[in-house]
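Notes follow the structure.
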Amino acid sequence: MLRTHLSGELRKENAGQSVTLTGWVNRRRDHGGVIFIDLRDRTGIAQVVFRNEDVAERAHALRSEFVLRVTGVVEERPEGSQNPNLASGDIEVSVTEFEVLNESAPLPFQIEDSSSAGEVGEETRLKYRYLDLRRPVQANALRLRSAANKAARTVLDSHDFTEIETPTLTRSTPEGARDFLVPARLRPGTFYALPQSPQLFKQLLQVAGMERYYQIARCYRDEDFRADRQPEFTQLDVEMSFVDQDDVIALGEEIISEVWKLIGYEIKTPIPRMTYADAMRRYGSDKPDLRFDIEITECTEFFQDTTFRVFKNEYVGAVVMTGGASQPRRQLDAWQEWAKQRGAKGLAYILVGEDGELSGPVAKNITDAERAGIAAHVGAQPGDCIFFAAGDTKSSRALLGAARGEIAKKLDLIKEGDWAFTWIVDAPMFEPAADATASGDVALGNSKWTAVHHAFTSPKPEFLDNFDTNPGDALAYAYDIVCNGNEIGGGSIRIHQRDVQERVFEVMGITGEEAREKFGFLLDAFAFGAPPHGGIAFGWDRIVSLLGGFDSIRDVIAFPKSGGGIDPLTDAPAAITPQQRKEAGIDAKPKPKAEAQAEAQAEESAEK
């Protein structure tokens, strides 16, 4: 090794020892001819001092991010010069000799000054990601991710799970987003697809009798740009045979609990459960943030005889902003712009005065009886503001759900270090295909119905006989785990019977011929004694970003893409040459399947 010790691990107990350190120049200071350098390695910083005239003279040429190897004696710092902000702040190393292992060009941004991090554009940070990762906060994010991987593996290994890698070159099968396609050079005109998830392979592993599988899996989805999404991402993927929903949830809680211990937080288990219907009714979201106690109050029945045209609608609901009646007019106008940015016409409101009198546009248009009872109906007190949404149920609840989150921010109801977990169960099995398309997803099949989770989720047992006759009423045997308003994992009990799977395909408008073409290998496997099975997948990037307190998952990915799937570091994606295009067979017409199979068999025979 080029060093004997690590910079961040030196202590007073090392005083008097001769040590050799290696690392980067984090900061350089010149005090009257004596050079002080903060030497940084992966463990932290140690102050090294160049007092000797020979070494001090040479040290004048050192600059930020030069790579050094220094040898010297550990000394206790003089009284009053200790640095309590450094683990090694009680000592310094008096340098007797040093070697410049490499120099650094002028930096595109300062590394040692963490306060400037917010001033550096993200494109620049990602272009020079190898420099960005020298910052302790960024480097520690990757170390936290590694620790989370280890914690999850420890739990799963203790339950006799087997870690198995599944293919990343497979066939294109519809799973809810567009596939990334890879040309197969040896079969011109045909393409592999990168997997959107290991879903089908992990189910096949259950058919194979593995019973307990897991994988930290890379997944790929060619989606339109959405904030804080990545075209390639990681999930902790788990599948088990001979289990029910409670078994998978219990294991999921054990994994999450162990991971959150990394930041010193003890999750209380069992984690509460909430039905999808309750979540939408009370919070306007299937991933509610429960760190604050604001709920939606349904007012549809209250206003059933109203003369106010706006409230003559399918749905009317409200949320209360405590103390909101004191908001100035410009803030109330800002709420209207906020709502319009979310596709609504506005956000109706009533102000409850300190004397209990109601004011605002809505108060002027409702009946005396409605004015007399609305505050009590929604639980508003003098000084509060009542916000309303009216229209179709889904979009109105979504607007109120977003409003409760905005209210919580404005009232500072979310405290740092608060954690709130819940399971969302009993979600619909199918949704209108138009709704899926409107939200940016790919609606599978050619029907007015598509799967909410995916096509391989089993209906709850009570809907097994009639889910195809009443798709809109069927509930899925599925469960999602939500943390602080973020979905961090989701799973389901899977279909393991061929006839049930074929019925689901029929509901989604996937014909028997198309099902055999796309999923024939899975349907065939179900004919050979597939066991009941279920599983869960955790969004690992999201979990680590929450653990580390990061706003974006990009901060916990070593080399993330920026908006639109661009990699500023390598400038990917990039054009290919005409020769590459020709060799890849992108424009070739694929041979008939039978002919291609015959050629493949002939090639195999020739090799033997």
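All positions are counted from 1 along the displayed chain.
A Cβ is built for glycine as well, from the same backbone N, Cα and C atoms used for every other residue.
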Swiss-Prot annotation, ATP site containing R221, D222, E223, E487, G539, W540, D541, R542 - matching residue among Q230, Q497:
Q230
So which range, 199-202, 211-214, 299-302, 503-506, gets flagged region 'Aspartate' in Swiss-Prot?
199-202
Look up region 'Disordered' in Swiss-Prot and report which of 50-92, 93-135, 566-608 it refers to.
566-608
Name the residues of the same chain, 6+ apart in sequence, whose Cβ is under 8 Å from the Cβ of H453 (L-aspartate binding site)?
A427, M429, A476, A478, G490, S492
Going by a 10 angstroms cut-off between Cβ atoms, which of the recorded positions H31, R221, R494, R542 has the sparsest surroundings?
H31
How far apart, in angstrom, are the most distant Cα atoms among the ATP-binding residues R221, D222, E223, Q230, E487, G539, W540, D541, R542?
20
Among the recorded positions listed here (H31, R221, R494), which has the Cα closest to the Cα of E487 (ATP binding site)?
R221
List the Cα distance (Å, whole number) between R494 (L-aspartate binding site) and G80 (site 'Important for tRNA non-discrimination').
66
Is R542 (ATP binding site) helix, strand or coil when read with DSSP?
helix
Under DSSP, the compositional bias 'Basic and acidic residues' (580-596) has how many residues in helix, strand and coil?
9 helix, 0 strand, 8 coil
Which of these recorded positions is closest to W540 (ATP binding site) if you go by CA atoms: H31, G80, R221?
R221
